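What follows is a single structure, written as structure tokens, with notes after it.
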Amino acid sequence: MAMGKYSRVDGKKSSSYGLTITIVLLLSLCLVGTWMFMSSWSAPADSAGYSSTDTAKDVSKNDLRKEEGDRDPKNFSDEKNEENEAATENNQVKTDSENSAEGNQVNESSGEKTEAGEERKESDDNNGDGDGEKEKNVKEVGSESDETTQKEKTQLEESTEENKSEDGNGNEEKAEENASETEESTEKSSKEVFPAGDQAEITKESSTGDGAWSTQLVESQNEKKAQQSSISKDQSSYGWKTCNVTAGPDYIPCLDNWQAIKKLHTTMHYEHRERHCPEESPHCLVSLPDGYKRSIKWPKSREKIWYNNVPHTKLAEIKGHQNWVKMSGEHLTFPGGGTQFKNGALHYIDFIQQSHPAIAWGNRTRVILDVGCGVASFGGYLFERDVLALSFAPKDEHEAQVQFALERGIPAMLNVMGTKRLPFPGSVFDLIHCARCRVPWHIEGGKLLLELNRALRPGGFFVWSATPVYRKNEEDSGIWKAMSELTKAMCWKLVTIKKDKLNEVGAAIYQKPTSNKCYNKRPQNEPPLCKDSDDQNAAWNVPLEACMHKVTEDSSKRGAVWPNMWPERVETAPEWLDSQEGVYGKPAPEDFTADQEKWKTIVSKAYLNDMGIDWSNVRNVMDMRAVYGGFAAALKDLKLWVMNVVPVDAPDTLPIIYERGLFGIYHDWCESFNTYPRTYDLLHADHLFSTLRKRCNLVSVMAEIDRILRPQGTFIIRDDMETLGEVEKMVKSMKWKVKMTQSKDNEGLLSIEKSWWRPEETETIKSAIA
């Protein structure tokens, strides 16, 4: 019965045998054809014997790579060709051995298989003999595809070399001397740039099935082909143009919005010097002054700068007799004087110290605010006493005074004491200085002096060096009387009044109280105390109020205890952090320490040695997302200064930065920064752009970075790979140089040098036409 049964089955099979064979062959051909198509795109690396780790390395080094022209062509190309030849031979041996096997035998491969490859193999096994030849043909196609990929890579290297030789002013060639050295150090520095894992982990990628998703290899090949169409295509896609504005090369979008300024009802409180950002941030690039040169290095820049970089002579004509600034051939020179210190800033600095030794420059007093700074010689020479002075003044009050300061390499920013709070937290400055700063402190209930009181640390000093202190004419005497009444009502203690006989000036030194006793004993509540709901740290676009915040007396809260002496304070976590949770989720002291150690490692072992940066050319630095200020702290021993920026939508860690003896500012990166073009030598952005892309136009952000970064300046960005890819396209479209790349998992780093290139086509910004 059994035999008969099987006979009936065999009979049925015979009757439909031809149809079955046809269907099987068609399915086999479809599967083989599909596999051939996929392997021509996604299989070369695996076919050639690469592991998935090798594939990931190829992707990371090409998607986020250093400029190819900086590599050693022989080492790169020859090594790849040798690997491909060896892999092709290996494939041929494997194919021959597979052809001798039985049709139902499961073939084993030394390389990893994709799911698509395994699916094809199972189908081939079921088809029996004869499919080995098909498999051989498929592998030969894969080898040809791999050779094609290698040719594409060589063409891309040649194309990149051609693009790198283009430069608007011819100055780009200087930076290429260090490029090859930078590439050699890329692999070496990976552990320091990403200290949490070793080198193998940086490029580790598991081999997974492609499914419906595009692989990294396909994406990288497509990107290579797109880049081969030349940088000019990217330029047209981003449409860069040079800004046509009244301010020309000095354009500051939020301070040169003439449409908004003309609509102001009054300028009594310097409203025209405050921020009025255009509705849409500009996408254009600011022009360079004729004859602009790379800035003179510090400390020579403190004494002289190139005239063509800041071509303004009005201040030299007005203040030349006070030793502010003088013309000297192709330079502007700064003798180190000022309105209050004609005989030099250092003498004046020592005069203040001698007037009240408790100030203790560079020890107790580390971070100060200089109001109405002139050309900032006071702040420039305080570096000799290990003091950081952040100077500010309004735009054009004296022609380009802040621009002079920044070109000299002295910390300064544009701001005005008008209708809004200064962009600093409360109780952060150790000392505030005003030398003939022309601010009417005593009017309108002392509103402006009360703003200084907000920013001044309890126990901090206010040094007022102005004519009412040492002159007795009717006007000055009236101001002195009003100031005396106001400061007494504010409970400020007049510590001393001293006269400098050499400069024939004087200074009054006041101290802010460290408790609320005096406030509670005042016969009248004038100036009034602020409401308990008023946050003294709220400073972004907050209107000024004529009130005083109570002093914190709880020792577990910030402001109750003076920070450690400098330099101990820079590495010591503030005691008041104990009750808070850190930015990264750990207890704040642990967060603080971990952040500090991380940046110490990255800066000392990677940034300083392996990034190809000439740090002797770096003076003005900005950390665009500072968190705890660890990056700035790691650079404290270098002859530079760092502007730490805490974005307005980030955790408010700026008070911690000040507590460390560093300084910074709040800012919204969807808007323009309050500084002149070409301010900074180096910009650092750690995971900033991936947060900005949610609410800002990244093209506008890059235009702003181009505006404030000097030609040949460095931009270091750390972020996720998607964001870095977008930024890399933008900077290349502006002809910037990607000097170094690094990646680990989905995180990466780019070190980029700004070019001198400016677009020929212009764009008129209507809001910036006076």
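Just so it is clear, glycine is given a Cβ too, placed from its N, Cα and C backbone atoms.
Copied over from Swiss-Prot:
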COMPBIAS  55-79  compositional bias 'Basic and acidic residues'
COMPBIAS  92-109  compositional bias 'Polar residues'
COMPBIAS  110-124  compositional bias 'Basic and acidic residues'
COMPBIAS  131-177  compositional bias 'Basic and acidic residues'
COMPBIAS  205-220  compositional bias 'Polar residues'
COMPBIAS  227-238  compositional bias 'Polar residues'
CARBOHYD  ASN75  N-linked glycosylation site
CARBOHYD  ASN107  N-linked glycosylation site
CARBOHYD  ASN163  N-linked glycosylation site
CARBOHYD  ASN178  N-linked glycosylation site
CARBOHYD  ASN244  N-linked glycosylation site
CARBOHYD  ASN363  N-linked glycosylation site
REGION    44-238  region 'Disordered'
TOPO_DOM  1-17  topological domain 'Cytoplasmic'
TOPO_DOM  39-770  topological domain 'Lumenal'
TRANSMEM  18-38  transmembrane segment
ASN363 (N-linked glycosylation site) to ASN244 (N-linked glycosylation site) - Cα separation in whole Å: 48
Glycosylation sites compared (ASN244, ASN363) - the one with the fewest other Cβ atoms within 10 Å: ASN363
Mapped DSSP class for ASN363 (N-linked glycosylation site), helix or strand or coil: coil
Three-state secondary structure, ASN244 (N-linked glycosylation site) (per DSSP): strand
